[in-house]
Amino acid sequence: MDNITKIRLINELNANNDELKSLENLLKIQKENSNKRIINNFEPSVIIEDFLYHGDLAHAIDINLLVNLNIKNIINLCDCQLDEQIKEIFNLLWIQNLEDDFHGNINEYFDQTNKFLFKCKEKNEKVLVHCQAGISRSSSIVLAYLIRYNNLSLEKAYEYLLEKRPIAAPNCGFLIQLIRYEKEIKK
């Protein structure tokens, strides 16, 4: 992490030394997995078998793909409105106006998305979590779920996610929020 980013995190997000150290560890994990970034872009990544899929907008608009994978639910984290036909076929949670930058307050959606995912899991239904590119926003939501319901530390959750989706890379602001979320969950 460069000094400019560190200064921004301190000044704009009030990141403390412990949070910055945790962030450095997460970025190290990300870097160590960067050589594994070749993935099958034709299908979303399977994070939890028969339940949790992680992808991008192209996956979310491909009705045939979603039907073939037996996906019943979608969490849309980008501002692109999905086709009316998709809204009719799938149970949709649409989180709008969430910018993929330092100031995007993704933490405010963790409870809502976790409840949605929990209900899908209870019904044994598959769900696709996606954003525009399937890299930052959707990865953050998947990590929040893994921390909350799979009892994983953020580091272990991120290592696991990178095994399943090597391009997962939440921005530094989202990672700071996930560090704080993990701390809150552990209380």
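Heads up, the Cβ atoms here are built off N, Cα and C, so glycines get one too.
What TrEMBL says about a protein is an automatic prediction, not a curated fact.
Feature list (source: TrEMBL):
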type	residues	note
COILED	6-33	coiled coil
DOMAIN	43-187	domain 'Tyrosine-protein phosphatase'
DOMAIN	100-166	domain 'Tyrosine specific protein phosphatases'
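Through the fold, the coiled coil (6-33) approaches residues 102-103, 154-155, 158-159, 162-163, 166, 169, 172-173, 175-176, 179-180 of its own chain, all at least 6 residues removed from its boundaries and within a Cβ separation under 8 Å. Across the domain 'Tyrosine-protein phosphatase' (43-187), DSSP assigns 72 helix, 25 strand, 48 coil.
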